[in-house]
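The following features are taken from TrEMBL:
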- 1-16: signal peptide (SIGNAL)
- 36-58: transmembrane segment (TRANSMEM)
- 100-119: transmembrane segment (TRANSMEM)
- 131-150: transmembrane segment (TRANSMEM)
- 157-180: transmembrane segment (TRANSMEM)
- 200-225: transmembrane segment (TRANSMEM)
- 237-255: transmembrane segment (TRANSMEM)
- 267-285: transmembrane segment (TRANSMEM)
- 305-325: transmembrane segment (TRANSMEM)
- 373-393: transmembrane segment (TRANSMEM)
- 414-433: transmembrane segment (TRANSMEM)
Amino acid sequence: MGACLALCSLASCASCLCGSAPCLLCGCCPSSNNSTVTRLVFSFFLLLGTMVSVIMILPGMETQLRKIPGFCQGGTTIPGIENHVNCDVIVGYKSVYRMCFAMTCFFFLFAAIMIGVRSSKDPRAPIQNGFWFFKFLILVGITVGAFFIPDGTFHSVWFYFGVTGSFIFILIQLILLIDFAHSWNKVWVENAENSDNKCWFAGLLSFTFLHYALAFMAVVLFYVYYTQPDDCTEHKVFISLNLIFCVIISFVSILPKIQEAQPHSGLLQASLISLYTMYVTWSAMTNNPNRKCNPSLTPGTVQWWDAQGIVGLIIFLFCTLYASIRSSSNTQVNKLMQTEEGGGSGGEGVVGEDGIRRAVDNEEEGVTYSYSFFHFHLCLASLYIMMTLTNWYQPDTTTQAMQSSMPAVWVKMSSSWLGLGLYLWTLIAPLIFPDRDFN
């Protein structure tokens, strides 16, 4: 009896993975909104590719592969068997570039296919919400093909694609952090008002203070380690400008006029944006090729894993997960992210005749998020992962080495300034255009 039930369950999962039926029809899927489940699965594909890239770039991976008999060219051999695998390509920065190229192509393909989908009744909606096994095969196929791309100028050209995509993705991360802080502040304030429990206000105050304290500490450390009395003028300008900009947005966020137009705006959002801005500033300075101004550079070696890269991965994982499950009432952010208000919330699920609770199709009347924009967001995320894992180093086609470059510095700093300007705009826009709905 148990074996029969197991086979039935396996058959249900197989139909979910291989068939055109959306995930909501399958008992093996979680009981939530279909829109949320689909985004989580696509995000899992992205995280899976990220994990593979991390493994490929681990220190010593090439050395271990060369120990496998008959595998790597120039490695341990087996009599009568020729080593065919070029391990210089399947590990290191080249493998990360190829893996992320495959993910970028995969998500860009779906972004193009899903343009204009308005509801789950669209014939293309089952492609979005089903056929997971075949989607996985497509991703694997593109990945295998990417490893056969000749070296040539591929890495140098793809580096600039990565820089451009990462610039846009940093802005999207900032938008998601603004939305997260807005929702966080709103929920805790409402809990405090409804329950008369002042601990909620104490929690908001504590986190706001913590964010500002970390941001101020970062500024002090930047001046100590990334500047010199007679050098590093760019770093001094970067740190000072972003410090001034953070003070400005914090002051503007608590102005009476701003509070009147946007009651839920406040120092929590400004403090989180300030802390993120300091992270981007730190990340930019670690790409300065001047070793006198960049203590993280080690002569003669390429540092793949450092603190700012790990922090960047953590922020990326948080924003990717949040983008998959977010449910926001912030109209401005919803317009920027191409989502509907409350569209990402989880549902109770529907109980089928077999007693299994399944996902709800909450998109029969209209999609809760733009399918195409979501895939475009994951496409940019793939490029950002590529740049983060390779520390934004630029490939040198003549020496086949990786070097720090000033373009990466300016891209990151520009994104931080544009992000601060975008946040400032969300604060003052209701005052400039009072007839528009910014609630």
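Yeah, the Cβs are placed from backbone N, Cα and C, and that goes for glycine too.
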Distal contacts, the transmembrane segment (200-225) - CB-CB under 8 A, six or more residues away: 185, 188-189, 191-192, 235-236, 239, 243, 246, 267-268, 271-272, 274-275, 277-279, 281-282, 285, 295
Of 131-150, 237-255, 305-325, 414-433, whichever stretch has the most CB pairs under 8 A to the transmembrane segment (36-58): 305-325
Same-chain residues at least 6 beyond the ends of the transmembrane segment (305-325) whose Cβ lies under 8 Å from its Cβ atoms: 36, 39-40, 42-43, 46-47, 50, 59, 172-173, 176-177, 180, 276, 279, 282-283, 286, 296, 337, 344, 346, 374, 377, 381, 384-385, 388-389, 391
Stretch among 131-150, 237-255, 373-393 sharing the most Cβ pairs under 8 Å with the transmembrane segment (267-285): 237-255
